[in-house]
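K.L.:
This is the structure I want to talk about, given as structure tokens.
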Amino acid sequence: MTVSKEYLANAEPEKPNQRFGTRHYIVFMLFLGMANAYVMRTNMSVAIVAMVNQTAIEKDAEVFDDECPDTDYGEDTHDSGQDGEFIWSTSMQGYILSSFFYGYVITQIPFGLLAKRYGAMRFLGWGMLINSVFAFVVPVAARQGGAGWLIAVRFIQGLGEGPIVPCTHAMLAKWIPPNERSRVGSIVYSGAQFGTVISMPLSGLLADHGFDGGWPSIFYVFGIIGTVWSIAFLLTCHEDPVTHPSIREDEKKYIQQSLWGNASVHIPPIPWTSIAKSLPFYAILLAHLGQNYGYETLMTELPTYMKQVLRFSIKTNGVLSALPYLAMWLFSIVVGWVADWMLTSGRVNHTWTRKISNSIGQYGPAIALIIASYTGCSRALTVAILTVGVGLNGGIYAGFKINHLDITPRYAGVLMAFTNCSANLAGLLAPIAAGNIIEGKPTIAQWRIVFVIAACVYLFTATFYNVFASGARQFWDDPENDEPQKPSIEAPSHSEANGNNGTTLTHRTVNEQTS
């Protein structure tokens, strides 16, 4: 008995009528994991303001532009972090803030490869547990060991968070049917914005009113939350539907039929040569590079522009600082649902759905950056553009971000590890480029160069994606082309022992034949 690939590809799997299935619980936990990861990533930027004794630091006079008039609003006259415990220079603060990201970047590819070989769930859970547990060590390291020990602890936290993106992608590939990927991917990865929205104001409150001096409570509270999530994830989640002990049979059948049964079959070695020649892969890679460069410019440089040129600091207003992230979170979910509706309606295929979503997500911010560079001294308009630009950026989650799963479900985690590592390195270039362009002369004209460069990066990478991207599963990840596996010697089944000539096929045997 064999089941052809064409049958599985063209037949409509019967969708379970349950409103909340096991796969939805997995999605919910992955969403919380992504939110927790971004909380751990961003909480230090808030805490360090309260940790440093600002009045004791000899600071260079910040250069301001005089093209726009000064304001009597937008600046915080009360700095709760003015009398912090530590005397760290601005450069030392930069080393502390960046130490997490160095650990995060270098583990992307190793964990992507390990997840492909050994499974993603445990690497994700244990990595985030390490990240969360070491959050408790942050106050002790800072107070007892100084900046050096703090940098080491944050570096280890970054190492622990390394599996979050590639392993999340690998699990989505095993749990989510193709026509649900847009909204599910948008929901899961929008956890990043949700975590940021929660982290920024809550960290500020804890720094002002928390226990043990204020700022340590940031790491204790979020450390507890992260530890609870990690333990719950390890105890209640499973690698795929086949290994899950309590998933309903109709839901497991629906997922496996939608994915050609790939959640349970042997995965052959990674086809490196074919991947290296794949234009759809390079389309995703360049889109990811452009996204991180543009996003870092959009989120880190526009507030600096508003402070130096417009004399208005958006970072001092908790609501305004969280508004762009909130807009991106909500819009990404909307785009995800619309994208899946386009697919299930049969009007648009996967390729065009990804390209349309990604165009919104990258052309939108590009236009916003260009407009922002010509708004002059209009503060309200700049804030509005910042919010709209970042909000539209949410389209990328139903675009290139989930596209790995379309072209190669079995190697999606590996490919995401490579693109995410490269993209994070590209993102580091944005503040470096901006700093060199505006150094000593933060005029509107110089800042316009910064914004236009980022917009051009967005436009080029998005256009390359539109030309070469694909939503079709690539030939080098076609299970029909796999080398046949040697049959394992198994004990005869009950039916064979009773003379049924072996006509009863086990669930595993059917899966192997469909692969």
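Positions of Cβ are set from backbone N, Cα and C atoms, glycine also.
Feature table excerpt (TrEMBL):
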COMPBIAS  495-515  compositional bias 'Polar residues'
DOMAIN    22-473  domain 'Major facilitator superfamily (MFS) profile'
REGION    478-515  region 'Disordered'
TRANSMEM  20-39  transmembrane segment
TRANSMEM  95-114  transmembrane segment
TRANSMEM  123-142  transmembrane segment
TRANSMEM  218-236  transmembrane segment
TRANSMEM  322-344  transmembrane segment
TRANSMEM  380-400  transmembrane segment
TRANSMEM  412-433  transmembrane segment
TRANSMEM  445-468  transmembrane segment
K.L.:
With Cβ distances under 8 Å as the criterion, find the stretch in 95-114, 218-236, 380-400, 412-433, 445-468 that has the most pairs with the transmembrane segment (123-142).
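P.N.:
Checked against 95-114, 218-236, 380-400, 412-433, 445-468; highest Cβ contact count belongs to 218-236.
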K.L.:
Against the transmembrane segment (20-39), which of these stretches has the most C-beta pairs under 8 Å: 95-114, 218-236, 322-344, 380-400, 412-433?
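P.N.:
Out of the listed stretches, 218-236 contacts the transmembrane segment (20-39) most.
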K.L.:
Given a Cβ distance threshold of under 8 angstroms, which distant residues of the chain, six or more beyond its ends, lie next to the transmembrane segment (322-344)?
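P.N.:
Counting only partners 6 or more residues beyond its ends, the transmembrane segment (322-344) has Cβ contacts under 8 Å with 178-187, 189-190, 193-194, 196-197, 200-201, 299, 350, 353-354, 356-357, 360-361, 383, 386-398.
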K.L.:
Return the stretch with the most CB pairs under 8 A relative to the transmembrane segment (95-114), choosing among 218-236, 380-400, 412-433.
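P.N.:
Most Cβ pairs under 8 Å with the transmembrane segment (95-114) come from 412-433.
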K.L.:
With a Cβ cut-off under 8 Å, give me the same-chain residues at least six positions beyond the ends of the transmembrane segment (380-400) that come close to it.
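P.N.:
Residues 182-183, 185-186, 189-190, 193, 283-284, 287-288, 291, 294-295, 298-299, 302, 305-306, 310, 314, 320, 323-325, 327-336, 338-339, 353-355, 357-362, 364-365, 367-369, 371-372, 465, 469.
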